[in-house]
Amino acid sequence: MSENAQLNGLCDRFRGFYPVVIDVETAGFNAKTDALLEIAAITLKMDEHGWLMPDETLHFHVEPFEGANLQPEALAFNGINPHDPQRGAVSEYDALHAIFKMVRKGMKESDCSRAIMVAHNATFDHSFTMTAAERAGLKRNPFHPFVTFDTAALSGLALGQTVLSKACIAAGMPFDGAQAHSALYDTEQTAQLFCEIVNRWKRLGGWPLPVATPE
């Protein structure tokens with residue numbers, strides 16, 4: 001494989017990390033006590049020229065775990081009725097088991113050693129995902145235990161905006177406020193935003209890194 005082809009590979013772009021975009025909707029801010037209600041995940045891939053793009057998607061409504069807190073303010077904010085049978089909710093175990101399986105498959109195909117979570121204000125999504133995985137007894141968690149790519153920080157650097165909707169608009173992307181706070185829609189927008197920031201850096205000449213030539 002040529003050096004150029006290697007640099008256009010996903011594993012070499014992020015030092016062996018496999019980026020996966022995640023968004024969660026919850027019944028509060030405390031990952032240990034408040035319910036995880038919805039989660040979506042989108043894997044990413046690179047074409048032969050090194051341009052990053054969304055790949056596979058999974059989306060689940062999630063049943064609150066036994067004894068979970070359901071904060072009324074959080075439910076009013078995201079508009080989720082946890083008791084609605086039409087949600088088709090699944091257990092935390094089933095949702096995360098399916099997502100982790102998809103992620104591990106993508107890691108293997110991309111020759112990556114570890115998944116890294118991409119999320120907007122990533123500490124929140126990371127904490128709920130990792131806590132739910134531990135609570136569900138899932139042993140093969142592919143995500144790095146603390147390293148993330150936070151699109152709020154990246155957007156502040158690249159676009160001068162930190163709010164997801166404003167960052168998307170600044171990047172030239174449409175944003176439908178009526179669909180915001182759906183885990184699927186927010187994950188789709190975050191994935192497109194992350195890809196645009198990474199690809200914009202490439203277009204500006206920031207990647208591949210210049211190779212120092214001996215004098």
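Glycine residues also receive a Cβ, built from the backbone N, Cα and C atoms like all the rest.
Look at Swiss-Prot and you will find 20-194 tagged as domain 'Exonuclease'.
Sequence-distant neighbours of D23 (Mg(2+) 1 binding site) (same chain, 6+ apart, CB under 8 A from its CB) are I39, A40, A119, H120, D125, A183, L184, D186, T187, T190. The Mg(2+) 1 binding site feature in Swiss-Prot is assigned to D23; the stated evidence is sequence analysis.
Cβ neighbours of F29 (site 'Important for substrate binding and specificity') (same chain, under 8 Å, six or more residues apart in sequence): Q71, A74, F124. Among the features that Swiss-Prot reports, site 'Important for substrate binding and specificity' is placed at F29 (among others).
Here F77 (site 'Important for substrate binding and specificity') comes close to H181: these same-chain residues lie at least six apart in sequence, with C-beta atoms under 8 angstroms from its C-beta. Residues or ranges marked as site 'Important for substrate binding and specificity' in Swiss-Prot: F77 (among others).
If you look up Swiss-Prot, you'll see F124 (among others) marked as site 'Important for substrate binding and specificity'. Note on F124 (site 'Important for substrate binding and specificity'): other Cβ atoms within 10 Å of its Cβ, all shown chains, come to 16.
The site 'Important for substrate binding and specificity' annotation in Swiss-Prot covers F146 (among others). When secondary structure is read from DSSP and collapsed to three states, F146 (site 'Important for substrate binding and specificity') falls in the strand class. Other Cβ atoms within 10 Å of the Cβ of F146 (site 'Important for substrate binding and specificity') number 9 in total over all chains.
Here the Cβ of H181 (active site, proton donor/acceptor) has 15 other Cβ atoms within 10 Å, regardless of which shown protein chain they belong to. What Swiss-Prot records for H181 is active site, proton donor/acceptor.
Secondary structure from DSSP puts F77 (site 'Important for substrate binding and specificity') in a helix.
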